[in-house]
Amino acid sequence: MREKIKVAVLLGGKSAEHEISLISGREVVKHLNPQKYDVLPIIISRNGTSFQLNNKKYSLSQLSTANCQLFFIAMHGPFGEDGTIQGFLDLIEVPYTGSKVLASALGMDKIYSRKLFTHAGLKTPKFMAVKKHQKTHDIFKKFKLPVFVKPNNQGSSIGASKVRKKKNLKKALQYAHKFNDLALVEEFLDGIEVTGSIIGNDKPKALPLVEIVPKRDFFDYKAKYDERLTDEIVPARISNALAKKAQEAAVTAYKALGCKGFGRVDMIVKDNDVYVLEVNTIPGLTSVSLLPKAAKAAGISYPQLLDKIISFAVP
C-alpha cells in the first residue's frame with residue numbers, strides 16, 4: 001500500500017474573495033480521498049499575517065513548520081492567486097498546486113494578459129486601461145455604450161460594472177478604482193459567454209465548454225455563486241467546429257501565460273469568432289463552480305479532479 005501524501009490545503013486569505021476561498025477550500029478538504037492523503041486545512045487570516053491550524057494561531061512566517069509534502073492552494077484573488085503566496089512557498093521550497101509565480105501574476109493582471117493573448121494570435125475585446133483621476137472623454141471616442149468597467153486585478157467580477165449611460169461611467173470607474181489604481185474599460189460583445197476549463201502542464205487538455213446564461217444584467221459576483229441566478233449549460237450550445245475553436249483558444253491562452261496544473265479561460269463567442277477575456281489560474285472549486293461541472297461532463301469526478309491537480313504538482 002502506497003504511503004499517504006501529506007497535503008495542506010490553504011484557504012481564506014487577504015483578498016475580497018476570502019469567503020469564497022473558504023468554501024472552495026472546505027470542498028477540497030471534504031473531497032480529498034482519505035485513503036490517499038493526510039489532509040491539513042490551513043486557514044489564512046483576513047489580514048494575511050497569520051494562519052489557523054488545529055484551532056491554534058500561528059504567524060504566517062511559520063507556514064514552513066506545517067508538516068506537509070504539498071500545499072493545495074484554494075485561495076482566490078490578490079495574495080492567493082497573483083503569485084504572492086506562490087513566491088512565499090517557493091522560498092520555503094515546498095511544492096504547491098497550480099501555476100507558478102509569473103503565470104499567476106499575469107493571470108491576475110487583465111491588461112498585461114490581454115497583450116500576451118494578442119501576441120499569441122488570439123482575439124480579445126477592445127479595451128482601454130484607465131488610471132485614477134484620468135479624464136474620460138477619450139473613452140467615448142473609442143467605445144460605444146454599453147461597456148464593462150473592471151478593476152485590473154480582481155476575480156469573481158468584484159468591482160465590475162456594466163455601463164449603459166455616459167453619466168454612470170465616472171461612478172463605475174470610482175468603484176473599480178477602490179480595488180486597484182488601474183481599471184479596465186472593455187467593449188461589450190453581444191455573444192455567447194463560454195468558459196473553457198483546462199488541466200495539465202506541458203500538454204494541457206481542454207474539458208467540455210460550459211455556456212453561461214446569467215439571469216441578471218451580466219455574470220456578476222452574485223450570479224457566480226447563486227445557482228438560481230445563472231443557467232450553466234454543459235456542453236455549450238454551439239457547433240462542434242466552434243466548440244473546438246474555443247477549446248483551442250483556451251489552451252493557447254493557458255500556454256501563453258505559462259499556466260500549470262489547472263485553470264479556466266473565460267471567452268465570448270460571437271458569430272464565428274472567439275474572444276478571450278481572461279485566464280483564472282485558481283478557478284472556483286465550490287460545489288457550484290464551473291471547473292468541477294466541466295470535469296464531470298468529461299467523466300471526471302470531483303475527487304478524481306483533485307487527484308489530477310495534485311499529480312501535476314508532485315515533483
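Any Cβ shown, glycine's included, is placed from N, Cα and C.
The active site annotation in TrEMBL covers Glu17, Ser156, Ser289. If you look up TrEMBL, you'll see Asp266, Glu278 marked as Mg(2+) 1 binding site. The Mg(2+) 2 binding site annotation in TrEMBL covers Glu278, Asn280. TrEMBL lists 114-311 with the feature domain 'ATP-grasp'.
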(request) List which of the recorded positions Glu17, Asn280, Ser289 have their Cα within 10 Å of the Cα of Asp266 (Mg(2+) 1 binding site), in sequence order. (result) Asn280
(message) Using DSSP and collapsing to three states, where does Asp266 (Mg(2+) 1 binding site) fall: helix, strand or coil?
(response) strand
(request) Please average pLDDT over the domain 'ATP-grasp' (114-311) for the predicted structure. (result) 90
(request) Report, in whole Å, the straight Cα-to-Cα distance of Asn280 (Mg(2+) 2 binding site) from Ser289 (active site). (result) 12
(request) Would you find the one among the recorded positions Asn280, Ser289 whose Cβ has the most company, meaning other Cβ atoms within 10 Å? (result) Asn280
(request) Starting from the Cβ of Asp266 (Mg(2+) 1 binding site), draw a 10 Å sphere and report how many other Cβ atoms land inside it. (result) 20
(request) Provide, as an integer number of angstrom, the distance between the C-alpha atoms of Asn280 (Mg(2+) 2 binding site) and Glu17 (active site). (result) 13
(request) Find, for the listed recorded positions Glu17, Glu278, the residue with the lowest Cβ contact count at a 10 Å cut-off, counting only other Cβ atoms. (result) Glu278
(request) Compute the C-alpha separation of Glu278 (Mg(2+) 1 binding site) from Glu17 (active site), stating it in Å without decimals. (result) 17
